[in-house]
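Colleague: According to TrEMBL, the protein carries these features:
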| type | residues | note |
| --- | --- | --- |
| REGION | 55-90 | region 'Disordered' |
| COMPBIAS | 61-85 | compositional bias 'Basic and acidic residues' |
| TRANSMEM | 139-161 | transmembrane segment |
| TRANSMEM | 173-195 | transmembrane segment |
| TRANSMEM | 216-235 | transmembrane segment |
| TRANSMEM | 268-287 | transmembrane segment |
| TRANSMEM | 299-318 | transmembrane segment |
| TRANSMEM | 338-358 | transmembrane segment |
| TRANSMEM | 379-403 | transmembrane segment |
| TRANSMEM | 433-454 | transmembrane segment |
| TRANSMEM | 492-514 | transmembrane segment |
| TRANSMEM | 520-539 | transmembrane segment |
| TRANSMEM | 551-575 | transmembrane segment |
| TRANSMEM | 587-606 | transmembrane segment |
Amino acid sequence: MTRFVSGPTCSHRDRAGGICGRRIAAAPAVPGRCFTQHIIDRLHSMLQITHTQTIISQSRAEQRSHPDQEARGRAGEASEERSMEAKNGYSYSPLAGDDHEAAAAAAEVISTTGAGFGGDDVKLRLLGYKQQLKRDLSVVANFSVSFSIISVITGVTTLYGTGLQFGGPVTMVYGWPIAGAFTVAVGLAMAEICSAYPTSGGLYFWSARLCTHRRWGPFAAWLTGWFNVVGQWAVTTSVDYSLAQLIQVIILLATGGKNGGGYLASKYVVIAFHAAILLSHAVINSLPITVLSFFGQFAAAWNMLGVFVLMIAVPTVATERASAEFVFTHFNTDNGAGIRSNLYIFVLGLLMSQYTLTGYDASAHMTEETKNADKNGPIGIISAIGISILVGWGYILGITFAVKDIPYLLSPDNDAGGYAIAEVFYLAFKSRYGSGVGGIACLGVVAVAIYFCGMSSVTSNSRMAYAFSRDGAMPFSSVWHKVNGQEVPINAVWLSAFIALCMALPSLGSLVAFQAMVSIATIGLYISYALPILFRVTLARKYFVPGPFNLGRYGVLVGWVAVLWVATITVLFSLPVTYPVTKDTLNYTPVAVGGLFVLVLGSWVLSARHWFKGPVTNLDG
């Protein structure tokens, strides 16, 4: 039964336009409003003032970083800076003037936008951009995008054979938390910067803002942006191509396996699978963000549940299981790669872990579509990494308990054609039921997770391409940053899918060339992660003003740990993986990453330095 209470009620309308309706028990400070709403209003006003003061502090700190500006008189400071920016043709923020201008700009934006409690639109405008994408993602939706791209099922399944080959159980069981701990450091450092600058441009925007002397901003943005966008395209390529290869293996096992006359799709059929997958991803990403948010959260749930189902079902079904001693102490040195050093083997085995734990910058790229972005964006980054580490370690342990004969699992003569984890699933069910159908079904669970991983990867790609082209960095930028009536950067979506298809075409000629290209997925992305962190702990150490999420006095220490880890894995993953080294066994990762650096640097020197001015405001007036 509903109980009606008489007496005056609050007449305040909330953001959705509804009446509050709460009973006014006592006279509030504002007539006609309940005490609760009065407190909310006061907090809102306080946050707006605090936000304005933070922006002013950022402006002051940036000005203090320029000795030449300090030497000028206060009266002429604002006009001189505006003149300099006009001459150079760029502006990093509409708050580049003095403190009075900052306060005026903040007040004007707040009064004209009518921003709500979170102040997302205000923050974005103060960073120099107007709201064009639909801001409808919750913290869970933001987390889901990064969690789906990390997708431990995708990374661990794809490179489980690499882990078995280089060190086996010890490398995977202990290498995963080691790589995870350092990845947390990278994520924390990124999250702190994301909280200060929540824009779709993410890392390249951060680099531009964090350079002490503004004339280096455009170059920092150019370098970081291209490593990030190309790295993301490489991630999409590798994820969707790995799904195409898994479909190839599923068909092979479903038709009898390699030893039973099963059908092995040709490389041309595999590339056709890859194209079809990308086409479907482009279509899904052309839908409104509300629909995409549903798919993203469903993908996160599928990844989570899929891991628990597989880590329990596969070792439970297997008639022969590995001992705890094998899982926690066995180190495989029989790698067939001519490598004898245990340390070298362990380092190469880390690739599985580090390849998996990447792509979490997606939460930063989705901040312009996320509510309370300066808090929820960082939370999305950290929670995606932390949960992935825990879930992934459980997945590795569960599957490894079903491993017995490592050389046979890696042999190209087994039923799965050498696809190690597929053979593990297949043998587990076949040994108990006489049929590997259950194992094939488990591979189907993995395939769906990889599919969603690729879908979320295209989402992140398109937002980065949209933001980068919004600042004029890409060829035909005016085309790629267009949004449709549903506030989706649809041209950037289809561009990302098309480039991912083109990057897979070298596989038709040489798998070595293809592997070199997709190696940028790990190293290239992590370099783009490290650059803004490096600027934050060096050039911007004295004037960086953090947002709501910050590491306090530990920010610089965590940043240095992150930078040093990225430098370490860049070297380690460039080492040869097979001896003797020939043209067919050479690790082309340094060639690919070095080639990208030469192209980016060369394009800057020859052309971009004359016209690319870094992040440019798109505010009217």
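Each position is counted from 1, following the chain as shown.
Yeah, the Cβs are placed from backbone N, Cα and C, and that goes for glycine too.
Unlike curated records, TrEMBL annotations are generated automatically.
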Colleague: Report yes or no: does the transmembrane segment (379-403) come within contact of the transmembrane segment (299-318), defined as 3 or more CB pairs under 8 Å with a sequence separation of 6 or more?
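Modeller: Contact criterion met.
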Colleague: What stretch of 173-195, 433-454, 492-514 shows the most Cβ pairs under 8 Å to the transmembrane segment (216-235)?
Modeller: 492-514
Colleague: So which of 433-454, 520-539, 551-575, 587-606 has the most C-beta pairs under 8 Å when paired with the transmembrane segment (173-195)?
Modeller: 551-575
Colleague: Taking 139-161, 299-318, 492-514, 587-606 as candidates, which has the most Cβ pairs under 8 Å with the transmembrane segment (433-454)?
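Modeller: Highest pair count goes to 299-318.
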Colleague: Sequence gap of 6 or more, Cβ distance under 8 Å, 3 or more pairs: do the transmembrane segment (520-539) and the transmembrane segment (299-318) meet that?
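Modeller: Output no: the transmembrane segment (520-539) is apart from the transmembrane segment (299-318).
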Colleague: When each of 139-161, 492-514, 551-575 is checked against the transmembrane segment (338-358) for Cβ pairs under 8 Å, which one has the most?
Modeller: 139-161
